[in-house]
Amino acid sequence: MVPITVRSKGATMSGYEGYPPPGGGFPPPGNEPIPETPPGRFTAPPPPPYAAPQPTYLQAAHKPGAIPLRPLGLGDLFDGAFKIIRFNPRATVGSAVIVSSVAMLIPVVVTGILSLTVGLSTSLLDAEGEPSSTAEIAGLVGAYGALLIALVLQWVGMVLVTGMNAHVALGAAIGRRLGLGEAWAATRGKRWRLIAMMLLILVSVGAGLSVLTGLVVLFAATLDTGAAIGLSIVVVILGLVALVFGWVRVVYLAVPPLMLEPIGVFAALGRSWSLTRRQFWRTFGIALLTAVGANIVGGIISAPVSIAGQVVLLVDPGGSGLFWYVVCLALSQVLGSALSTPFITTVSSLQYLDQRIRKEAYDVELMTRAGIIAP
């Protein structure tokens, strides 16, 4: 066995701000000073040396940051994610807010300009039943087109935020806080690879859905109604099962290795496959619980703003009503993504660390990088 050298008691550790430094442990048994007994006063004899509490292995030093450096349970993952977001909100929540705000500013500005120039209406008919003008219809198309562009840009930005959060989570695990600029700089050289990987995943999913659609159309055209419906249901169910299986095994843990390891897109997808081997149900359960919980909370917080936009649009379906509807929709998108995206991506990054600890003894490397044990 290779001996592990623990740093001396006087060594300093650059702790993760907000987390208490490791404790010094109990004094060694048998070295406690025996207090003097005042004259004329009876005191109980000191406890025997064997009753003194024994120091544990690397007592408290195995948790230099947000998570204990050992295999993680569900509580450890959620607790670590909350701690990382709480003590590093700029690099987690802040990045998501900036990306969403910049993206959602586009439809707000475009809709405002169109409502002041050509006029906007959600109806193709005016109040007298006549068709709306070409300018109004073009303005409506432009407003919704700007919203679609904003959603695409938001998606691209959130992909980059996911890569940043992988670095933030790794830093938090070893007791270091990465600022927003540091997290962004850490993704240098991997940003286009990350976007390319996500586009590859989207194309693959689109191709799979196209095949399913083609099979359903083929069944409807060549078989009788009952057989076509039955086979279509079977094919759709099998397709959904394959989609979920591929997402958990190939996609879910692909971003952290791409960002944290010197590998490319296909190697990162392969790393996700190897890390989730014999861990499908555990990985799927944690991912599903995380996504459902985060989106429910985000939906509850953003729902009042979204409902307000719907009410305004019903009261005034004209230009001003549509403008304020887009404003409310943009604000609800910012609120929802600011709450759900950081938590989901941080949990997935911690799951990556957990799987490496379980399969590759990655905790030893993390302890070394944290300065707990000597290289």
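Using N, Cα and C of the backbone, Cβ positions are placed for all residues, glycine too.
TrEMBL does not curate its annotations; it predicts them automatically.
What TrEMBL records for 19-48 is compositional bias 'Pro residues'.
Sequence annotations record features per position, and here TrEMBL assigns domain 'Glycerophosphoryl diester phosphodiesterase membrane' to 232-360.
Annotation source TrEMBL lists region 'Disordered' at 1-48.
The transmembrane segment annotation in TrEMBL covers 93-117 (among others).
Taken from TrEMBL, the feature transmembrane segment covers 137-161 (among others). Packing against the transmembrane segment (137-161) from elsewhere in the chain are residues 95-96, 99-100, 102-107, 110-111, 114-115, 117-122, 124, 187, 191, 194-195, 198, 322, 326, 329-330, 333, 337, 341-342, 345: each is 6 or more residues past its ends and has a CB under 8 Å from a CB in it.
Sequence annotations record features per position, and here TrEMBL assigns transmembrane segment to 194-221 (among others).
Sequence annotations record features per position, and here TrEMBL assigns transmembrane segment to 227-252 (among others).
TrEMBL lists 280-302 (among others) with the feature transmembrane segment.
Residues 67, 72, 76-78, 80-82, 84-85, 92-93, 95-97, 99-101, 104-105, 107-108, 111-112, 115, 120-122, 140, 143, 147, 150-151, 154, 158, 161-162, 165-166, 168-170, 173, 252-253, 255-256, 286-287, 290-291, 294-295, 297-299, 301-303, 305-306, 308-310, 312-313 of the same chain lie 6+ residues outside the transmembrane segment (322-350) yet bring a C-beta within less than 8 angstroms of a C-beta in it. Annotated transmembrane segment per TrEMBL: 322-350 (among others), in sequence order.
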Just give the helix, strand and coil counts over the domain 'Glycerophosphoryl diester phosphodiesterase membrane' (232-360), going by DSSP.
115 helix, 0 strand, 14 coil
